[in-house]
Amino acid sequence: MNRKKTIIDIQKMKAAGEKITVLTSYDYPFTRVMDECGIDMILIGDSVGVVFSGYDNTLPVTMDEMIYHTRAVVRARPKALVVADMPFLSYQTDLRDARLNAGRLVKDGGAEAVKLEGGSHVADTIRAIVDMDIPVMAHIGLTPQSIHRMGGYKVQGKKEEQSQRLLDDAKAIEEAGAFAVVLEGIPLKLAEKITEELSIPTIGIGAGPHCDGQVLVIHDILGLCEKYSPKFVKRYGDANALITSAVSSYIAEVKKGEFPDEGHSFS
């Protein structure tokens, strides 16, 4: 597809049985490359706080940071659908804040949709944002903004009661108007059941192969996050080794006086 993707295109992919590909991006260069590769959706995740800014979790990320990174992504003019995360405290306090901050991500950042975490309890928030004509992608299961309540990054929905609650959450957010939902850190059979029962696309991350699409953090698939690699991450490259080699070679050549040579100098 040579034209810009929309939420309608993403939803049609589920109906057609075509898998949806999603990656995070936080800047211009990565966005340009992944868009040239044909990625379907780009997520400016609040994971930027961890993999880009070095925070321990996503909670410190601010609206201003999200807008900054969204602008950087949008400048690459990707054909992929651009979705921006709503960070912690940008939508939990009241509906007015939620609408205002969703609007900022679209108006000031250039996002085409927003993503927020939570199930049935955020249905009214989703509805309020959608009523402003801003598309919303939901996010249930392991929700990183809830790590203190969950006791860390733990798989959700293993017990029957939890499983039913997540299924109810999925149906509630669909009814509220979400155009898609991220399923994170849940058993693959539960993800399969939710995917079958929803008419909107499910995007899995640590949720098995039966979701309508998959999302991963770009730094994870490139091997740039040496400190922590979840079970569900597959590395498709070793950028850490490539960067280490390039930087080490640069340092060595400068120290030896080999760089710059005449070919990299002006006469």
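Here the Cβ of each residue, glycine as well, is placed from N, Cα and C on the backbone.
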Say Swiss-Prot lists Asp46, Ser47, Asp85 as binding 3-methyl-2-oxobutanoate: which of Lys12, Lys14, Lys115 is in the same site, per that record?
Lys115
Helix, strand or coil at Glu184 (active site, proton acceptor), per DSSP?
strand
For Mg(2+), residues beyond Asp46, Asp85, Glu117 with C-beta within 8 angstroms of the site's Cβ centre include exactly Gly45, Ser47, Thr58, Val61, Met86, Pro87, Phe88, Lys115, Leu116, His139, Pro144, Gln145
Here the 10 Å Cβ neighbour count for Asp85 (Mg(2+) binding site) comes out at 29
Distance check, please: Cα of Glu117 (Mg(2+) binding site) against Cα of Glu184 (active site, proton acceptor), rounded to an integer number of angstrom.
10
Listed in sequence order, the residues of the same chain lying six or more positions from Ser47 (3-methyl-2-oxobutanoate binding site) whose CB sits under 8 Å from its CB are Thr24, Thr58, Asp85, Pro144, Val217
